[in-house]
Structure formats: C-alpha cells, structure tokens
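Novice: This is the structure I want to talk about, given as structure tokens.
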Amino acid sequence: MPSLLVLTFSACVLLGWALLADCTGGGGSGGAGPGRGRREREALPPQKIEVLVLLPQDDSYLFSLARVRPAIEYALRTVEGNATGRRLLPAGTRFQVAYEDSDCGNRALFSLVDRVAAARGAKPDLILGPVCEYAAAPVARLASHWDLPMLSAGALAAGFQHKDTEYSHLTRVAPSYAKMGEMMLALFRHHQWSRAVLVYSDDKLERNCFFTLEGVHEVFQEEGLHTSAYNFDETKDLDLEDIVRHIQASERVVIMCASSDTIRGIMLAAHRHGMTSGDYAFFNIELFNSSFYGDGSWKRGDKHDFEAKQAYSSLQTITLLRTVKPEFEKFSMEVKSSVEKQGLSEEDYVNMFVEGFHDAILLYVLALREVLRAGYSKKDGGKIIQQTWNRTFEGIAGQVSIDANGDRYGDFSVIAMTDTEAGTQEVIGDYFGKEGRFEMRPNVKYPWGPLKLRIDETRMVEHTNSSPCKASGGLEESAVTGIVVGALLGAGLLMAFYFFRKKYRITIERRNQQEESNVGKHRELREDSIRSHFSVA
C-alpha cells in the first residue's frame, strides 16, 4: 500500500523553503506572546483574511472548484453579515479568496509555494483543501512548518490522523474513513459478528474505496475482528462470477465499496448463486452522499429490474446521516443555481464536500474570533487550529462535532429494503459518532425478517487477502496460517514415523530370531540337495 507517510517533497520545494526562509526569517511557531497579539489586535480593523482554496478544476471530481465555490461564497456572506445582518468578526474584516487548481496532485503544493514566492514571502492566513490524499499530504506538512491553519473536507485516509508532528495544523471537517470504520464496528457489535470480507474497487489513482476500507480494516484490527479482502479495477472488464466465488470462499458478511452499477452487478450475480436468502449479509458504503457510489437503488428500467429488486432485499447501504432544516434547503437551492450556471446538471448538487467546505469557513471564523479575543492574531496558526479542535458548532446541515484530534465525528445511517414487494427502502438504524452509539429505529420492518439471517462464522474458509489488510513489514495472515498448519503436519509426520519405525524394528527382531532358529535346517536341506545333485551327476 503506498503510504501517505512516505510521500516526500520535490527538490524544487526544498529550494523554495530555503528562499522563503531568507525572505521571512522562517515560519512562526504558533507560540507568539500575548504582547505581539495585543499589538496586532489593536491594528486589526480594517484587515483582510487571505484564503487559498486548493481544489481541482476538473469537474469529474465531486469536489471540483465549480461545485464547492458557491458553498464557500455562501458561507462568507454569512460570516461577513451580508446574509444575516449579524457579523461574526470585527467590522472592517474582509476575506480575500484565491482559487487554485490542485489537479489532485503535486500542483497543489506548487501552487502554494509559487504563490508565497510571488508575494515575497507573504503567506495566506488559511488553506482550504486539498481533498485528494496524495495532494493533501505535502501541503499539510508545509502548513505545519509555516504555522498555517489548514481545513479540509478531504484528506480522509487513516494516515492523516497522526497530528502530533507533520499534520499538526490540519483539521478535517468531514468524517474520516476511520470514523466510518467505527460505525461499522458498532454495527458488528450490535449483530455480534466478528468476521467480514472487504470487496472494493481500486483504480490505483485516487483510491477512494481503498482508503475507505483501509479505515474499516484498521478499526477492526485494533478490536480483534477478522477481515479478508478482494479488490478489482472498475476501469477494466469485470468478472462478476470471480468476485462472487471469492465471496463464497471467504466470509458471510460482505462490506462493499464501488460504483452503483458495479454494486448492482455483484448483487445480481450473488442472487443467481443463491446468496441472497439470508445466509449472507451485504453492506454497501455510499461515499460522500453521492449516488455515483452504490446508493441502494436497484431500478434501472431494464430486464434485470425484478431480479435486482429481489437481490437488494439482502443489501444494506451505509450513508451519512441526513438532516433537513430550512436553512439547508435555502443553501441547497443557491448552490444548485450557481452550479447549473457553470453548465453542470446532476442530482448531487450538495454532497459531503460541498457541506464540509461551507462549515470549514464557519469553524475557522469561530476559532479566529476566540484567538483574537485572547490577544493573538490571525497569524497565530497553531492557536487558531487548536481552537477548531474538541468543539461542537451548528453547521449548514446540523450540528458538527470535532474531536480532540481535529477530526470530525461521523453520524451515519443504515438504509435497507423494508418492502420487498414494492422494493422501497428506508433508514432502519443510525449511528451517532460522538456518543459511539448505534440504534435500530423503532417500528421499521427488519430487512431479513425475524431470525432470517443465518450466518455461521465458525465454518472453515479460504481467504484471499489482497488489500489494505496487511501490515507493512509483517507476515500476512495466510502466511502465518501456512506456517502453523505446516508445523502441525510436520509434527504429525514425525510422530507417525517414530511409531512406525518402532513397530517395524520389533517385527524385524522377531523375524531375525525365527530365521536364526531355522537357518541350520535350511543349510542342511541345501547341502543335502547339492549332494544329491552331485550324486546324480
């Protein structure tokens, strides 16, 4: 697994550091004294907050600039008082936002360095983004070095939870993949399950599903639950029969992450193999509140609809908990209008990223206000980022809670088919991340009916592990199993050889005694025979 922790800066970035250090005398440490803070607070109005947004220009991403920019501007109007008439910052405070194409790669880092170099060492006050893991890692390291607060609705992989050193200035305003893993753990505890197979798409590029199930695996591993895994590339021809065979050879509880069409294909293949009658439990993770990923929708208007409806009776979908409030409806309409003006027409105008970056502005402003009141300045990035941690505030879609490590708690729902005749689905359970509590909703029909799910976790299985589920530098489970089985077989063979040799030795000794008693008789008979022959001769 390519590790985020070993991503390195290029030589040009190191040179940029050296040049900028000469220009600015190095970055702040976040520990500026109150005296300096008071002086800057006195000169606060009028001032501007410079924000650098690093997101891809490519609209194939759910978090492209065209999709997220309307949400950021909506939030800025709110905090500047233009929308509500209530200002959250001192009069005269204005935001100056620069939008740069991250290209979901090294361009994000280069954009940051080039911008600072062009401004003769002047750094932005806030970084929003990037989202993609491989783009976010070097930017987060540089933000920590330069004492810049960095808020993102991305960088969701497990590696970013290590905030003690290189990611110390990162706050994640969307639930990380590990939070999804905590939800799955609570679900498994509820059902008293301990084993699962992870089936996911991995294109070796953005690797969203890989990082998602890596988070699930790490949480399960810490708690002693067993996982095996199977991955495939959706950009190539899929062998659905092969995927189903791997599931049959592994576990009865299946956690999947792939596009909605691929999920449908897997469920159809599983149904044809008789795997949707209660002996298997299928879970699909709908990433980012986007219907691109399997959202539980079985209907396509084709000849397979009836069969798909039957298959989906065994499928449950994990999605972010959705809340509805009047302000959110207004926000959604404005975002939709702005996005459509960009020439984009789709169902998912407001996904997890759009919500997250809106809430990132609110969170930053709340933290900045507290830092300014304490006598520090907008340049005290370490102080600001600490104020964004371990707090709860009201976001655009409901309450947002950030834990003590700067990661947002995740609230999730489980959606299942409750009417197999009509094929309708509804939420049957919810997980509340801050409390770590999973609850089934009352008065809903359980998807399998009473005691219909028959999962035998004691059976022997074959494991195909090709995933995030192996620890670097260690033996895979299959290797350990092979060693143990080989040792047992070897010991059995040695014991069998010992007893066989002992019995064989006793038999030989008995035969030798009998032969010694008869050897004289045989010799006499042979000699008599020889003599008789010679006599005949």
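Just so you know, the numbers here start at 1 and follow the chain as drawn.
Glycine is treated like the rest: Cβ placed from N, Cα and C.
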Novice: Quickly, which of Asn289, Asn465 does Swiss-Prot have down as N-linked glycosylation site? Just give the residue.
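Specialist: Annotated as N-linked glycosylation site in Swiss-Prot: Asn289.
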Novice: Using only C-alpha positions, which one of Cys209, Cys257, Asn390 is spatially nearest Cys132 (disulfide bond)? These are the recorded positions in the record.
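Specialist: Answer for the nearest of the recorded positions: Cys209.
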Novice: For each of Cys104, Cys209, Cys257, count the other CB atoms within 10 A of its CB; which of these disulfide-bonded residues has the top count?
Specialist: Cys257
Novice: Cα-Cα, whole number of Å: Asn390 (N-linked glycosylation site) versus Cys257 (disulfide bond)?
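Specialist: Cα to Cα, Asn390 (N-linked glycosylation site) and Cys257 (disulfide bond) are separated by 30 Å.
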Novice: Cα-Cα, whole number of Å: Cys209 (disulfide bond) versus Cys104 (disulfide bond)?
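Specialist: One finds 16 Å between the Cα atoms of these residues.
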Novice: Whole-number answer please: how many Å between the C-alpha atoms of Cys257 (disulfide bond) and Cys104 (disulfide bond)?
Specialist: 21
